[in-house]
Each structure stands twice: as C-alpha cells, then as structure tokens.
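**Student:** Relevant sequence annotations retrieved from Swiss-Prot are reproduced here:
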ACT_SITE  183  active site
ACT_SITE  232  active site, proton donor
ACT_SITE  302  active site
DOMAIN    36-203  domain 'FAD-binding PCMH-type'
C-alpha cells in the first residue's frame with residue numbers, strides 16, 4: 001500500500017514549478033537510487049540543475065513540507081513506507097565536479113564521489129587524500145558525518161563547506177564551525193551542502209598511488225564491495241571495533257528475510273536479493289540486541305534510516321535505546 005502521494009504534493013507547489021529546470025519526479029522509487037536497493041517511494045524527488053535552480057526551488061517550497069537530502073545513495077536505509085515530502089537528490093551535472101582551487105587545494109561538489117577527490121589529488125601530487133579512495137559515497141556525506149578510513153578523517157583535510165539553508169540563503173562554514181567529532185558534525189541538518197574545499201600537502205605521485213593501491217587492495221579483500229550494501233552499519237564504540245563485537249556475539253552471517261550481516265565483514269549489512277527495508281532494519285536491531293546481551297555494549301547506527309514504516313511492519317529500537 002502506497003504511503004505517499006507525490007502528484008498531490010506537486011500540485012500544491014503551484015505555478016512556481018514551471019520555472020524550475022531540474023527534474024521533479026512524483027512517487028519516485030528509492031530502491032533504484034540507494035545502494036541497498038530496498039525501500040519505499042519518495043513522495044516527490046527533486047534533482048536540481050545547478051545551485052541557482054536549487055535556490056529557486058527552495059524559495060517555493062512551503063516550510064511545512066519535509067525535506068530530506070540524499071547523496072549517491074550510500075549509507076542510507078529507506079523504510080518501506082517511503083519518505084514523505086521532498087527528497088533532494090543533487091545532480092552529478094551541477095554538483096559532481098572536482099577541480100583545483102589553489103596550491104594543494106581541491107574544491108569538490110557535494111555529489112562528487114570520494115574516490116574522485118583522491119584521484120584528483122594523486123594526479124596533481126597532493127597528499128593526504130588517499131583514504132577517500134576506500135570510502136563509498138560522496139563528498140557532501142563525508143563532510144556531514146566526518147567520514148574516515150585507514151586512520152584518517154575528513155576533518156583533517158577540510159577547510160570549509162559551502163551550503164544553502166531551507167530558505168535558499170547561502171552559507172560558508174569553516175572547519176571549526178562544523179563541530180567535528182568521531183563520525184559526527186554539529187552542522188545544522190537544515191543546511192544543504194553544495195561543495196567542499198580541502199587542502200592537502202605536496203607528495204610524490206608514486207607514493208600517493210602506492211597508498212591508494214593499498215587502500216583499494218585492503219578494501220577489496222575484507223569488504224563486500226560487490227554486494228548491495230550501504231557501507232559500515234555501526235559506528236565503532238570507544239576502544240572497540242564494531243565488527244569484532246558483532247563477530248564475538250555470533251552475528252557474522254546472521255540472516256533475517258533477505259538481509260544478512262556479511263560473512264566477509266560482519267559490520268556490513270547486505271541485501272541478498274529481495275530484502276525489504278524492514279528486513280534490513282530488523283536485522284540491525286537484532287544485532288544491537290545480541291551485542292548488548294553478550295558484550296554489554298550498545299552499538300550506534302552509522303547507517304541513516306529514513307522515512308516511515310509500513311503499517312504493521314514497524315521495527316522497535318532495541319531496549320528503548322535511541323536508534324539515531
């Protein structure tokens with residue numbers, strides 16, 4: 001049963017949409033755009049042509065209409081009831097660029113894949129970005145959550161973030177204003193990141209290539225990179241590795257419906273073929289329960305769960321612990 005009505009929402013926006021150049025899609029299937037390949041419909045999906053188009057759309061969008069921003073579809077799990085309101089999916093054409101921006105500096109659009117920034121840095125002898133080669137997803141998401149790999153975090157290279165607020169006003173946030181900590185920033189969720197400025201340091205291209213090769217080889221060896229997965233499921237608790245806790249709790253390879261904790265890397269959930277959003281989220285909460293009961297540690301989700309449940313298919317967070 002469909003839980004959203006995109007045509008009705010589109011009609012409510014009035015004649016202002018006639019001037020919008022980007023793509024507006026009512027009742028857009030989210031299982032086509034997320035890496036899990038699961039979940040319900042976006043009531044209305046908007047893909048702006050460029051930043052001016054984004055600002056124009058925001059100015060006609062009523063404040064009471066929910067707005068959800070996604071990147072390339074990694075690191076998110078969409079519930080089967082879909083996402084009410086507008087899902088903003090920035091276009092590669094307008095927000096997927098990566099370019100040099102001064103000595104050892106790189107400017108990347110928020111939808112630019114992390115690995116493209118790593119490649120740009122290598123091609124120009126700029127060190128400090130090899131870790132991006134092993135992170136699935138896009139730069140906007142990396143900046144939002146302080147993504148990291150191989151002992152390096154996004155905040156170590158980030159200079160500033162360009163953003164737009166819900167009313168279409170533009171902002172620039174410094175590294176300090178992002179309020180970074182492990183896999184987290186305090187930047188307002190109302191801000192839509194449009195581009196990010198980074199700075200590295202001079203390094204020989206051969207050395208950078210060797211570092212990137214090591215990252216790629218490690219990732220392909222220990223992670224299910226060819227499966228339908230959103231990336232790391234849970235954050236590492238202080239002093240612990242999430243995968244090790246999951247393994248010790250006996251959850252490696254655990255299956256619920258069409259979802260499984262990967263046997264290769266058990267902090268990765270995978271869609272084995274026909275998993276629903278319910279299967280995936282229920283599996284995650286079951287793992288949290290098992291780890292707490294056996295290890296006494298509460299895992300915190302790294303995957304973002306979006307949207308609403310189908311009636312009768314709700315997933316209750318373990319022990320009343322917040323699922324955020």
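Glycine is treated like the rest: Cβ placed from N, Cα and C.
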**Student:** If you count Cβ atoms within 10 Å of the Cβ of residue 232 (active site, proton donor), leaving out that atom itself, what do you get?
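**Tutor:** The answer is 23 other Cβ atoms.
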**Student:** Around residue 183 (active site), how many other CB atoms lie within 10 A of its CB?
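**Tutor:** Total other Cβ atoms inside 10 Å, all chains included: 16.
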**Student:** At the level of the C-alpha atoms, what whole-angstrom distance separates residue 183 (active site) and residue 302 (active site)?
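**Tutor:** Just about 8 Å between their Cα atoms.
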**Student:** In the three-state scheme derived from DSSP, which category covers residue 302 (active site)?
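**Tutor:** The three-state answer is coil.
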**Student:** Could you list the residues of the same chain, at least six apart in sequence, whose Cβ is under 8 A from the Cβ of residue 302 (active site)?
**Tutor:** 75, 145, 183, 231, 232, 233, 234, 235
